[in-house]
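Encoded as C-alpha cells, the structure appears first; notes follow it.
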Amino acid sequence: MEVADSLLGNGSDVPPPCELGLENETLVCLEQPRAAKEWQPAVQILLYSLIFLLSVLGNTLVITVLIRNKRMRTVTNIFLLSLAVSDLMLCLFCMPFNLIPNLLKDFIFGSAVCKTTTYFMGTSVSVSTFNLVAISLERYGAICKPLQSRVWQTKSHALKVIATTWCLSFTIMTPYPIYSNLVPFTKTNNQTANMCRFLLPNDVMQQSWHTFLLLILFLIPGIVMMVAYGLISLELYQGIKFDAIQKKSARDRNPSTGSSGRYEDGDGCYLQKARPRRRLELRQLSTPGSGRLNRIRSTSSTANLMAKKRVIRMLMVIVVLFFLCWMPIFSANAWRAYDTASAERRLSGTPISFILLLSYTSSCVNPIIYCFMNKRFRLGFLATFPCCPHPGPPGPRGEVGEEEEGRTTGASLSRYSYSHMSASAPGP
C-alpha cells in the first residue's frame with residue numbers, strides 16, 4: 001500500500017491502495033480493490049531503480065563539472081547548479097521513501113523520518129520549480145532584453161535569487177513537518193502497519209493547501225515558462241527571417257558570375273570594363289582571402305540558422321516535459337483534496353505509483369535537456385574528466401558551429417545584435 005501517504009511527488013500526499021475504514025476506533029483495510037499482479041512489483045522496482053540511477057549520476061556529474069570548472073561559472077550555470085542540487089535532493093528524499101514502504105505495505109522508518117522526508121521532499125520540489133522559472137526568465141532577459149538585463153545579470157544577483165528561492169521554499173513547506181505523522185492501520189492479514197500521512201485539521205484547510213500548491217508549483221510556473229520561452233522562440237524566429245532577408249539581399253547585390261560569360265548591370269560589368277589589367281591583378285590577389293571569407297560567412301550563417309532552430313525545438317521540449325511530468329500528479333492531488341473517496345478508489349496502488357514515477361522523471365531529464373544537450377557543457381565535462389575519450393579538434397565548420405551554438409543562448413540573438421551586425425557588416 002502507499003503507506004508513505006504524505007511523500008511528495010509534488011509536495012502533497014498520495015492515496016493508499018486500499019479503502020480504509022474504522023473498526024473499534026482502528027483503521028483497517030476494508031478491501032484490496034487492485035490486487036497487484038506478480039510482475040508489477042518487479043517492473044516498479046526496475047523503473048524506479050533506472051530513474052534513480054540516471055538522476056543521481058546525471059545531477060552528480062552536473063554538480064561536479066560546474067564546481068570544478070571555473071570557466072563555466074556563468075549566471076545561467078549558477079542556476080543550473082542550484083537546479084541539479086534540488087533535483088538530486090528530490091531523488092534521494094523521494095524515491096526510496098516512496099518505493100520501499102509501497103513494497104512493504106508499511107512505513108518502517110519512524111515518525112522523525114516521516115517528518116524530515118516530507119519536509120525535504122516539498123522543499124526540493126519547490127526549489128526545482130522555482131529554478132526552472134528563474135532559468136526561463138534569465139534566458140528571456142539575455143535574448144529578448146539584452147541591454148536592460150545587463151544590470152541584473154550578474155553572478156552576485158544570481159546567488160541572491162538562489163538564496164531567496166531556497167529560503168522561500170523552506171518557509172513555504174513548514175506545514176509538512178508539523179502535520180506529518182504516522183497513522184497506524186490494520187492490514188487485511190490483521191497485522192498492524194503505519195502510514196506517513198500529511199493531514200491538516202479540517203477539509204477546508206486541506207483543500208486550500210492543495211490549491212495553493214497547484215498554483216505556485218504548477219500553474220503559475222507553467223504559464224511563466226510558456227510565455228518566456230514563447231517570446232524567446234518568437235525572437236529567434238524573427239532572427240531566422242532576418243537572416244533569410246539579409247541572405248537574399250546579399251545575393252541580389254552580389255550575383256554569381258563564375259558560370260556565365262555574359263555581364264549585366266553590377267560589379268561584374270564594372271570590373272571587366274575599367275582598367276582590366278589592374279582589376280585582374282586585384283582579383284587574383286584578393287580571390288583566396290575573399291573566397292575564404294565568403295565561405296566562413298556562409299558557414300556561419302548556416303550554423304547560426306541551425307542553432308536557432310535547435311534552440312526553438314529545445315524550448316518546446318522543455319515546456320512539454322514540464323507539463324508531462326507534473327500535470328498528472330498535481331491533478332491527482334487536487335482530485336483527492338476535493339473528492340477523496342473517488343480518487344482513492346481509482347488511483348490507489350499501481351496508478352499512483354507510476355504517476356509519481358513520472359514526476360520523478362523530471363529529476364533525470366533536467367540535466368539532459370539543460371546541460372548535456374549543450375555543446376559547451378559537454379566540452380567542459382571532457383575538460384573536467386580528462387580520462388574520458390576526447391574527440392579530435394574540430395575543423396573550421398565545427399568551430400563556427402560551436403561559436404554560434406553558444407551565441408544562441410546569449411544576447412547576440414537580440415534585435416540590437418541583428419541591427420548592429422547588419423550595420424557593421426562589410427559591403428559586398
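Keep in mind that glycine also has a Cβ here, set from the backbone N, Cα and C atoms.
The compositional bias 'Polar residues' annotation in Swiss-Prot covers 409-422.
The annotation disulfide bond is assigned in Swiss-Prot to C18-C29 (among others) on the grounds of sequence analysis.
Look at Swiss-Prot and you will find C114-C196 (among others) tagged as disulfide bond, backed by sequence analysis. In the three-state DSSP scheme, C114 (disulfide bond) falls into the helix class.
Spatially close to C387 (S-palmitoyl cysteine) yet at least six residues away along the chain is no residue at all, judged by Cβ distances under 8 angstroms. Residues annotated as S-palmitoyl cysteine in Swiss-Prot, with similarity to another entry given as evidence: C387.
Across the residues of the topological domain 'Extracellular' (1-41), the predicted structure has a mean pLDDT of 49. Under the heading topological domain 'Extracellular', Swiss-Prot lists 1-41 (among others), citing sequence analysis as support.
For 105-115 (among others), the entry in Swiss-Prot reads topological domain 'Extracellular', with the evidence type sequence analysis.
For 179-210 (among others), the entry in Swiss-Prot reads topological domain 'Extracellular'. Taken through DSSP, the topological domain 'Extracellular' (179-210) splits into 9 helix, 14 strand, 9 coil.
The feature topological domain 'Extracellular' is assigned by Swiss-Prot to 335-349 (among others), with sequence analysis given as support.
The transmembrane segment annotation in Swiss-Prot covers 42-67 (among others) and rests on sequence analysis.
Per Swiss-Prot, the feature transmembrane segment maps to 78-104 (among others); the stated evidence is sequence analysis.
Summarising the annotation, Swiss-Prot assigns transmembrane segment to 116-137 (among others). Long-range neighbours of the transmembrane segment (116-137) within the same chain, counting only residues 6 or more positions beyond its ends whose Cβ lies under 8 Å from a Cβ of the stretch, are 4, 6-11, 76, 79-80, 82-83, 85-87, 89-90, 93-94, 97, 109, 161-162, 165-166, 168-170, 172-174, 176-177, 180, 196, 198, 216-218, 221, 224-225, 228-229, 322, 362-363, 366, 370.
Counting residues 6+ beyond its ends, the transmembrane segment (158-178) has Cβ neighbours under 8 Å at 6, 8, 11, 75, 78-79, 82, 115-116, 118-119, 121-123, 126-127, 130-131, 134, 138, 198, 200, 209, 216 in the same chain. Residues or ranges marked as transmembrane segment in Swiss-Prot: 158-178 (among others).
Beyond its flanks by at least six residues, the transmembrane segment (211-234) meets 10-12, 125-126, 129-130, 132-133, 136-137, 139-140, 143-144, 172, 311-312, 315-316, 318-319, 322-323, 326-327, 330, 333-334, 337 of its own chain at Cβ-Cβ distances under 8 Å. Taken from Swiss-Prot, the feature transmembrane segment covers 211-234 (among others).
Taken from Swiss-Prot, the feature transmembrane segment covers 314-334 (among others).
The feature transmembrane segment is assigned by Swiss-Prot to 350-373 (among others).
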Composition by DSSP (helix, strand, coil) of residues within the topological domain 'Extracellular' (335-349): 12 helix, 0 strand, 3 coil
The transmembrane segment (42-67) and the transmembrane segment (350-373) contact flag, 3+ Cβ pairs under 8 angstroms: yes
Other CB atoms, at most 10 A from the CB of C114 (disulfide bond): 29
Other C-beta atoms that fall within 10 angstroms of the C-beta of C196 (disulfide bond): 28
DSSP state at C387 (S-palmitoyl cysteine), helix/strand/coil: coil
